[in-house]
Amino acid sequence: MSDVTVVNCPTCGKPVVWGEISPFRPFCSKRCQLIDLGEWAAEEKRIASSGDQSDSDDWSEER
């Protein structure tokens with residue numbers, strides 16, 4: 001007996017089998033994959049941080 005892992009598509013919530021039969025995993029389709037990429041590119045999604053580091057003295061573009 002083989003265990004099949006099923007995850008929900010992060011874009012639409014549709015169930016996706018985690019395996020070679022699902023080439024866009026964790027997404028259900030290329031469309032959902034591109035929607036997610038567009039959200040990251042438009043900065044609608046971001047990785048949470050502990051604070052605003054834009055004014056940090058540790059970061060400098062000067063060499």
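From the backbone N, Cα and C atoms, a Cβ is placed for every residue, glycine too.
These numbers come from a predicted model, not from an experiment.
Sequence annotations record features per position, and here Swiss-Prot assigns Zn(2+) binding site to CYS9, CYS12, CYS28, CYS32.
A simple way to gauge crowding: the CB of CYS9 (Zn(2+) binding site) has 19 other CB atoms within 10 angstroms, across all the protein chains here. Between the listed binding-site residues, namely CYS12, CYS32, the fewest other CB atoms within 10 angstroms of a CB are found at CYS12.
DSSP assigns CYS9 (Zn(2+) binding site) to coil, not to a helix or a strand.
CYS32 (Zn(2+) binding site) falls within a helix when secondary structure is assigned with DSSP. Neighbours of CYS28 (Zn(2+) binding site), defined as other CB atoms within 10 A of its CB across all chains, total 21.
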